[in-house]
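The compositional bias 'Basic residues' annotation in TrEMBL covers 336-350. The disulfide bond annotation in TrEMBL covers Cys22-Cys34, Cys42-Cys51, Cys67-Cys79, Cys87-Cys96, Cys112-Cys124, Cys114-Cys131, Cys133-Cys142, Cys731-Cys743, Cys733-Cys750, Cys752-Cys761, Cys843-Cys852. Residues or ranges marked as domain 'Laminin EGF-like' by TrEMBL: 22-66, 67-111, 112-156, 731-776, 821-867. Annotated region 'Disordered' per TrEMBL: 330-365, 533-565, in sequence order.
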Amino acid sequence: MYGSTGVSPERLEETVFVHTECICDYRGTAHAVCDAAGRCLCRQGVEGERCDRCPPGRHSFPDCRACACDGAGVADGACGASGECDCFPSHTGPECDRCAPGYYGPPDCAVCQCSPDGSHGSICNPLSGQCLCLPGVVGQQCDRCASGLRFPQCSVRATRQELRSLIPDRPAPSHYFPSLHQLKFEVEDGTTPNARPVRFGYDPQEFPDFSWRGYAVMSPAQSEVRVTVHVDRKDGRPHSFRVVLRFTNPSGAGVTGSIEATDNRGNAGEGFAEPFELTPGTWVIHIRAEGVLLEEITQPCTYVPTANKDSNCLLYAHLAMGGFSSVLGSQGTLSSRRRRRKRRQARVRRPTPDHPEMAALDGRQVEGLDGEQRIGLSGPELLNSQLQLSLRVPRPGAYALVLEYASEVDAVQNVNVVIGDQSGGQIPARANIYSCAFSFLCRSVAVDSGNAVTVVQLAHRTDILLQTSTTELLLYKVYAVPAEEFSFDYLEPKVLCVSTHGRFTEDSRHCVLSQWDEPASAWVLHAARDGRLSPGPAVPPKQGEGEDWRRRRQSGAFPVRRPQSDGVLLKSPQTEISFTPEVPLPGSYVVVVHYQQPEHTSFPVEVRVDAGREWKGSVNASFCPAVSGCREVVIADGRVALDFDPSSWQPPSISFLVPPKKTLILDYILLVPESSYTPDLLKEKPLDKSAHFVEQCRGEGFYIDPRSAPQSCRDSARSLVAAYNDGALPCHCDPSGSTGTTCQPVGGRCPCRPHVIGRQCTKCATGYFGFPHCRPCECGRRLCDEVTGRCLCPPQTVKPACDACQGQTFSYHPSLGCEGCGCSPKGVEVNAGLDCDLVTGHCKPRVGGRRCDRCAAGYYRFPDCVPCSCNRGGVTADICHPDTGRCLCKGNWRHAVTNRPVSREELMLVLAGLVGLRIRALYFTQSQRLSLGEVGLEGVTSTGTGGPGNTVEDCSCPPQYTGDSCEVGKGRGLFAYVRGSGSVFV
């Protein structure tokens, strides 16, 4: 049909319309719905081909109301179909105007910074950002100890809970910790070199407690087996393993063998001279090379011995306060608050002989009163006692009071502190007393009701009362610190070293030195070797230099021993040292400083770097008593990565200037390329206990008996498998073959039905059928089908009994049958036939091998088998190569990369230029004892006066060669080796 309104005839063919049905959504169209061409006519605020949706910025079709998405957390001005706004992850709510869980501080909504070690989770108060702290932890982020200890070791209880959560003693229900033999591959499931199944036995009398179907029988009939294993990638990287073979040798005579691992690309590893990594994929045999056992030490040392005497801990030390006025707790007098005139000298106690004498305060009784004196005292009198101390200061002024104490109560306690002021009044304060049974004393500062440090005006002599109700503590000293000198550094101890529990000491004799990472790309500049002091010569720290801070140590009860440092002591007048690398270093570098600072609170050290442009910065020298030192980075212009100008031809210069009256022991600095720097360089390495683990726990192929093995071995094994598997593994006991769902906590063995085998109870034992109700086969010597029980007649056996081998076969097996003899006609005696003996067969003289297909030892070139020309005293048991006759000399030299044996020709070429010989002693970095035995080296001269050199060869050289081993060609300087036959190998 044509449209006719307002159209001229000459334009008709260009304006033809075809009427179609309107498909518009009437809820979103205007009154006319659609035009003549069928296009929908949308009303205002609606869009779409059918007028069926709201435009961007509107929602809730057909009303299409404007989106109210203008909040700070809106990611896009548009909204969803129901009007919900598209919020950033940090915001929530219909209009994105509230902080989402894990964020705080609207309208910006920053992420909560809750410490995972000190808080109950990552959720904080949505307005203030205050995290929910664990007991004994304070701070908005729950990242500080209320006791002043090093976070997160805020108390012995918290630390033990942390350790239990990290490495629990027992797995969760229906889970288990594997043994170190977790990656176990059964040899009876392997194949022989000709791809046939392994011939295995299953007699428990012959091999007690075999683990699966049986065990491979290694004999002349089966001298080689292959096991295919698959290595998975863990933590995104390949791992190294040590191979462990479980076997029994009924003969009692020694047996030798070899092990080779080949991957699917043909790469092979042989022997155990060097551990090598198995990349993910399929290998012929699973190799276990030595792994590293690292322990992250977090627990403070206690003076109480632990069950595991070898367990390590962190020994701490405080900044010395001997230069401040103080009073000993043992010099105080104790009384009841209601009977103040009845005073007694405070009772003193020393938890160990190494502790100083301390006043023993126990609010549950009035110390110093005997039983008769306590008769008639009421409960309140018994529960309220006070210790009076008299503190003298050199000059009146503002002071903060610091208590030094020990406490064996595993809880936070309070002690009230009442200070007499200059006007005769009293100032109330309190001090928090935290659990402190450590190898060092703890400190706490007196605070007011708002937890702010109490600053009091003290006269020359001030009385201090410590009032207790139920508090128990051992008070050593109360210090008065001038307000302008007070720092929380005096309260927070720093790590001295890694040590062991069971003593009260700061003696470094019991320390384990820590290790630090040094990137291979970093320049190391040692202060004693590369530094230049100005003015005057370098001053290495002497054993007596530290007498000042030794006198100002925390207890004064015993001397402090610290190891000799290789660093340079910077103190007046020698307060500046500079370094200049030998060559220019273009690029961006981070300057890491390794130092010791055992005498002061934190102070800045001025640093100047001249590297094409001049950088002025500083490094924070915080209190650092650690015997292994501390590390900090240089910060200049608010950045740690400093640009060394590549256009500068001069080497860079780095100088350090220590403030007056401060001391610093500078060991070395690292210039680390920015691409190689990580904050982990500022942390000590975890303690490497692999050497101790290998030495203590390697017996019986690293089998760790969960009942009788040493506790340290059990703990280490549990931590190894838990780390490797990211926790415990589920039991997954087969519901048909097992009698329960709970497996053994170590090893994971499920409780199996009778005659069912496997960790998960998934198969009938060899000689049984009908899983899961396994019944014995009724086939005599033969085995039966494991499903039906039908007796098997193995190949190449004599029917119908099927229990003996056919002619020219041998080695009967109840499931695999017999092997063909395969005797070589050239190697058997005439008229002997091709039947074979189980061991030797019937071979000609000088011929050997089960099949009589090779020469016996000492002969070569089969089938002639002529004698080898070798010195029997210098060759291996095989004497010579069976094809070439080359003598197989004794020796254990191997190529470092391929581990292939070194030939004598190759060895002689190396010895031609020998200047020294080094024998590798260890495959790890630490050892307490090392011995070398059965190594000898003889040297001879023509004029010697000693015994004959029986192990030194005397070569007869052809005219054109000379040298002790005929290794030098005359006139040409060639290196060669001349064998007895006259052949020359260059």
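Heads up, residue numbers simply count up from 1 along the chain you see.
Note: Cβ is positioned from N, Cα and C throughout, glycine not excepted.
Keep in mind that what you see is a predicted model, and the values were worked out from it rather than measured.
Distant neighbours of the domain 'Laminin EGF-like' (67-111): 54, 56-61, 122-129; these residues of the same chain sit at least 6 beyond its ends, with a Cβ under 8 Å from one of its Cβ atoms. Comparing Cys79 (disulfide bond) with Cys96 (disulfide bond), their Cα atoms are 11 Å apart once rounded.
Between the alpha carbons (Cα) of Cys42 (disulfide bond) and Cys96 (disulfide bond) lies a span of roughly 31 Å.
Put simply, Cys761 (disulfide bond) is 48 Å from Cys843 (disulfide bond) when counted between their Cα atoms.
With Cys142 (disulfide bond) as the anchor, the candidate disulfide-bonded residues are Cys96, Cys750, Cys752, Cys761, and the one with the nearest CA is Cys96. Listed in sequence order, Gly73, Val74, Ala75, Gly93, Cys96, Ala100 are the same-chain residues at least 6 apart in sequence whose CB falls under 8 Å from the CB of Cys87 (disulfide bond).
Sorting each residue of the domain 'Laminin EGF-like' (67-111) by its DSSP state yields 0 helix, 17 strand, 28 coil. Other Cβ atoms within 10 Å of the Cβ of Cys131 (disulfide bond), summed over all protein chains shown, number 25. Long-range contacts of the domain 'Laminin EGF-like' (22-66) within the same chain: residues 3, 77-83, each at least 6 residues beyond the stretch ends and with a Cβ under 8 Å from a Cβ of the stretch. The disulfide-bonded residues recorded for this entry are Cys22, Cys34, Cys114, Cys124, Cys761, and the Cα of Cys761 lies nearest to that of Cys743 (disulfide bond). Sequence-distant neighbours of Cys752 (disulfide bond) (same chain, 6+ apart, CB under 8 A from its CB) are Gly737, Ser738, Thr739, Gly758, Cys761.
Checking the disulfide-bonded residues (Cys112, Cys124, Cys733, Cys852) against Cys131 (disulfide bond) with a 10 Å Cα-Cα cut-off leaves Cys112, Cys124. Helix, strand and coil counts under DSSP for the domain 'Laminin EGF-like' (731-776) come to 0 helix, 11 strand, 35 coil.
Counting other C-beta atoms within 10 Å of each candidate's C-beta, the disulfide-bonded residues Cys124, Cys142, Cys731, Cys733, Cys761 are led by Cys124.
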